[in-house]
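One structure is given here, and the rest of the page talks about it.
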């Protein structure tokens, strides 16, 4: 079992367990002394809010693994990915007027990225700590009180998702929490770093999708597919193509990418129905590979479904401050990106009557209803608009000098003619407290295409300003490295593949000088596979789908395993698996390989994936005589909570009759022998060396999987009345 790149930190969990009671005491104090007054000040109805019980329980959060990035990043920073799991028994109750609200138990898990930067030469050695989740963490809350009104199924789901959205709005990329550790540390550029790049996704077409529509449970109709595309918190929906299993969309979407490695493109296909939309398959694409390849145009096999391929063209744009690249695009696609750092405003008017001249304003002020509202300071938010896209800031309550401290990004297709419209509004009265228009052509006068200044507000007081920093960056497609092998379809992340490494502290294994030719039939289905087989520099570990290309490198690695064993016979592992590796003709591309293959899980959250390297297992039937071998790849994907079994193929099977065999593979996860949970590959006709490359998933927790056994049998598909032996051999793991 490998823990690729992810280290287990039991010592840290022991420290957490020991320190938890003390941390809980500090938190209880904070709730009473800091949070309670803040809640009371929020609203008139919350003035009576009191915490009646605060207990953080015995169970503390657990860190399942840490991945540290030091090689492929800036010298002055350290990046850690922490897999956090909290199944807490905390109890918090509060009274508001006559209602009792409470929480008794929370479950939270996700991957938290921690960035320590900049590293300093004097104490405290680290300037600031930045925290954020790559994707929305999974959250479940057990509500108590309110006569359990919140346990009503609809409301319960609604409240959980509202809280999840609330957390996402503060803690999921592009939002970050930055805590300065050194005094007078300027953290603005740490909270809002310039994004890594932009990915343009051309959603072209799909084929052989699963039929989901049924009429009266019998006649299968055509489905009405649409796609949801997601990077981080940004999601787009394609149009729906009605009654078509081979839909053509030809749509284009653009996403800003903030963290690489880390963020991925997720695509889910659904069948639109009047009641509940049916899931038709999904795809997860590693953006590191797209960044390295610059352009990927491939058919990707869908996962979590039985059939279907999706055709995507992906283009990676880096962000540069070169004005010559800012030409206007003929098709109306983006040529630049505008980043707006919204800092603060000064001297906002208390209300828009202060500056509206004429009698109308004066008459309204006399009205008593308005007087109370006009006396207090405004609660303001900002609307920022470029072209037809408007974004809204958070609201700062009761302040004429509000500080927002937020960043926004906009796609720009013509920097010479477009402008940014800023409008400050009061939350209580839907009135503008000031506006400002900035032409983007002003940014072109600065060599860095940056403006950092106060802007005078129009339709406001004479001394009202808004402070913003505007950064314009051109989108540029760079030429890919000619030396690099392209990832192609392998950018899709599903099953293990063995990674080519450049540099880093990896061991290097040289391919065997004289590879024997084995009897394994050619694995790849397409002639282009060798090119797309091995890929990427050491930026990040990867997954590929269990498609045609995947098994070849794994066999090559097993081949290298063999050579190593020939050289050191005394180190040969006597495992219960009797691993007999094949030496296959190695591809010329395979010069450097890392033996412990790294498998990032889905979501590229470097979640602990446990894998049994692609191994050839001897088949048996209780006798000593070998009945051939089966090649499997088994791994656990923690993010999806599933055990993934990839059946690569079999070889040297022993025929059970003279008329040849039609082998297939049957899998159970014991002790569950139900017909419904049995997995089965397709049948290959008249062959003793069948090649399947089929993937199966068992959705079970890791703890359960560790206690269970995989029962794998190779069987002969035969006529019902035939006397031939059905089982060709079996293996249990």
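One-based numbering along the chain as shown.
Backbone N, Cα and C atoms are what each Cβ position is placed from, and that goes for glycine too.
Unlike curated entries, TrEMBL annotations are predicted automatically.
Now, the feature entries from TrEMBL:
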- 5-182: domain 'SMP-LTD' (DOMAIN)
- 173-300: domain 'C2' (DOMAIN)
- 318-459: domain 'C2' (DOMAIN)
- 483-575: region 'Disordered' (REGION)
- 518-527: compositional bias 'Low complexity' (COMPBIAS)
- 533-542: compositional bias 'Basic and acidic residues' (COMPBIAS)
- 626-733: domain 'C2' (DOMAIN)
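Per DSSP, the secondary structure of the domain 'C2' (173-300) breaks down as 11 helix, 63 strand, 54 coil.
In the predicted model, the domain 'C2' (173-300) has a mean pLDDT of 86.
When the domain 'C2' (318-459) is classified with DSSP, helix, strand and coil residues number 25 helix, 60 strand, 57 coil.
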